[in-house]
Amino acid sequence: MPLVNTAEMFKKAYEGKYAIGAFNVNNMEIIQGIVAAANEEKSPLILQVSAGARKYANPIYLRKLVEAAIEDTNLPIALHLDHGESFEICKQCIDDGFSSVMFDGSALPFEENIRITRQVVEYAHAKGVSVEAELGKLAGVEDDVQVKAEDATYTDPDQAVEFVERTGVDSLAIAIGTSHGAYKFKGEPKLDFPRLEKISNLLPGYPLVLHGASSVLEEYVAMCNAFGGNIPGAKGVPEDMLAQASKLGVCKINVDTDLRLAMTAAIRKCLAENPNEFDPRKYLGPGRDAIKQVVQHKIKNVFNCSNRI
Ligand code: G3H
Ligand code: 13P
Ligand code: ZN
């Protein structure tokens, strides 16, 4: 099976009121851990590559690894550009064989965001590639860029409708209170569900996307801290809120931070318990297992995406 775009998976997810996990990938062990989990759960998958990942790994290595994963499992997998910052980057990824791209114009004025999104959509659709855009601005850290909570803006429901109509974009990332990274909420976690419901009602049948959706699982934060880490006060999106969102039109849920925490926790533990170990396979292996465990848990217990292929 070749790489797939997101059209079919989002249609089924919307109708079935579940979400597809979109996981950030940076190396072979991360890809293998995620794919092993999806394979056991018989789940479709979005593997996404950020600007940071492109710089770290070179996209061709990641694409070949994802192709190997498809050959190995025959799972429907979309290879997606995460937070593409320009038309040129989106075009380059489309030309390089990605099956889905995000143009992130969330920091641009509304009209400029529409103009470039429209340009990406025209180029992508001619090649069967799906496009995600973003309206509203999330707080948090993304590729070394820090957006302060006071600079974040929630998505305006009427603007969302106009944006989708004028761009023809396939899915829309919205800001309703999530943020990137491990520190998402100062007080109690809270998402603007009335806003999500309003957007969803105004765009019936339309797939929405949640970025910054890691739950920052306590188990892995605690494990990092038990073995030399110091990650105080980290707080993520509660799992029940993600499950609720997936019933309200959210078809794609982005996860990166939880993978980082799980892998790092397992590696820290392994090296702390075996201080003389210097074979990378001996600690990357447990890191890969931890990724598999966290992804399997999300697919099965949170996104309700098991047995969907
Ligand atoms: O949304 C951002 C993702 O967590 C990717 O982060 O650019 O550091 O790989 P990164
Ligand atoms: P987290 O930092 O919550 O994992 O979000 C990842 C993300 O949105 C990638 O685009
Ligand atoms: Zn994101």
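Placement of Cβ uses the backbone N, Cα and C atoms for every residue, glycine included.
Feature list (source: TrEMBL):
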{"type": "ACT_SITE", "residues": "Asp82", "note": "active site, proton donor"}
{"type": "BINDING", "residues": "His83, His180, His211", "note": "Zn(2+) 1 binding site"}
{"type": "BINDING", "residues": "Asp104, Glu134", "note": "Zn(2+) 2 binding site"}
{"type": "BINDING", "residues": "Gly181, Gly212, Ala213, Ser214, Asn254, Val255, Asp256, Thr257", "note": "dihydroxyacetone phosphate binding site"}
Cα distance (Å, whole number) from His180 (Zn(2+) 1 binding site) to Gly212 (dihydroxyacetone phosphate binding site) = 4
Assigned conformation of Thr257 (dihydroxyacetone phosphate binding site) - DSSP reduced to three states | helix
Roughly how many Å separate the Cα of the residue listed as 'active site, proton donor' from that of Val255 (dihydroxyacetone phosphate binding site), to the nearest whole number?
-> 11
Could you check which of the binding-site residues Asp104, Ala213, Asn254, Val255, Thr257 have their CB within less than 6 A of ligand 3?
-> Asn254
Consider only the binding-site residues Glu134, His180, Asp256: which of them have a Cβ under 6 Å from an atom of ligand 1? Write none if no residue does.
-> His180, Asp256
May I have the list of same-chain residues other than Gly181, Gly212, Ala213, Ser214, Asn254, Val255, Asp256, Thr257 whose Cβ is within 8 Å of the Cβ centroid of the recorded dihydroxyacetone phosphate site, in sequence order?
-> Asn24, Thr178, His180, His211, Gly236, Asp258
Enumerate in sequence order the binding-site residues Asp104, Glu134, His180, Val255 whose Cβ-atom distance to ligand 2 is under 6 angstroms.
-> His180, Val255
Calculate the distance in Å between the alpha carbons (Cα) of Ala213 (dihydroxyacetone phosphate binding site) and His180 (Zn(2+) 1 binding site), and round it to a whole number.
-> 8
Excluding its own, the Cβ atoms lying within 10 Å of the Cβ of Gly181 (dihydroxyacetone phosphate binding site) add up to 19
Cα of Gly181 (dihydroxyacetone phosphate binding site) to Cα of His211 (Zn(2+) 1 binding site), in Å and rounded, measures 10
Reduce the DSSP letter at His211 (Zn(2+) 1 binding site) to three states and note it down.
-> coil
